[in-house]
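Presented below is the structure to which this report refers.
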2 protein chains.
Amino acid sequence: MTYDGRHLLADLYGCPVLDDVALVETALRAAADSAGATVIGLHLHHFGDGQGVTGVALLAESHMSIHSWPEHGYAAVDIFLCGARHDPAAALDALCRHLAPTRISQQLVRRGDI
Amino acid sequence: MTYDGRHLLADLYGCPVLDDVALVETALRAAADSAGATVIGLHLHHFGDGQGVTGVALLAESHMSIHSWPEHGYAAVDIFLCGARHDPAAALDALCRHLAPTRISQQLVRRGDI
């Protein structure tokens with residue numbers, strides 16, 4: 001077995017539109033596609049007009065999530081993928097093409113000594 | 001606004017039972033309760049008999065997830081909570097009461113400079 005769990009945490013600042021559920025869904029699907037990951041469920045919640053969105057994609061390879069605070073132009077992203085052929089950085093690039101942050105802070109954490 | 005985003009990543013080893021969807025759901029609900037968090041959706045996927053389970057709780061305060069590899073006694077957990085009154089450590093304690101790991105490796109990441 002090649003587990004190779006990689007968990008990328010990214011803070012996205014300066015995003016112009018973060019209260020749009022369809023945009024969050026599109027960004028998550030594009031991220032999964034870019035990483036070659038398989039979506040087994042996608043769940044979205046909008047906290048109200050002009051308010052934040054939570055989106056989580058359940059993947060065969062773990063999960064991806066976006067939580068947004070439009071009033072701050074801020075989105076918290078995590079991309080957790082197992083399997084060496086799935087690239088969290090490619091997923092983040094795809095997300096950023098849709099969410100258009102002006103600044104990104106990120107941290108990659110290796111998961112699971114198995 | 002007090003954002004105070006805290007993201008706890010925990011690797012749980014030596015868990016005796018990790019192919020039980022009901023147990024994963026119970027663990028996630030107990031974790032949310034212990035942190036005083038509000039579940040707005042709970043999604044589970046079982047990869048097959050004797051195989052792993054993915055469980056994700058969407059929260060008003062962000063999310064929690066469990067991905068399990070029963071063949072290794074290993075579960076990857078993340079607990080992402082915003083708001084100072086919600087304690088990720090309490091949530092992890094509750095999870096561990098149900099999943100019963102013999103060893104835990106954990107890392108707390110502060111999220112979002114907003």
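Keep in mind that glycine also has a Cβ here, set from the backbone N, Cα and C atoms.
Taken verbatim from TrEMBL:
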type	residues	note
ACT_SITE	B:SER62	active site, schiff-base intermediate with substrate
MOD_RES	B:SER62	pyruvic acid (Ser)
ACT_SITE	B:HIS67	active site, proton acceptor
ACT_SITE	B:CYS82	active site, proton donor
Neighbour-count leader, CB within 10 A, active-site residues: B:SER62, B:HIS67, B:CYS82: B:HIS67
Rounded inter-Cα distance in Å - the residue listed as 'active site, proton acceptor', B:CYS82 (active site, proton donor): 21
Length of the line joining the Cα atoms of B:SER62 (active site, schiff-base intermediate with substrate) and the residue listed as 'active site, proton donor', in Å: 7
Structural state of B:HIS67 (active site, proton acceptor), classified by DSSP into three states: strand
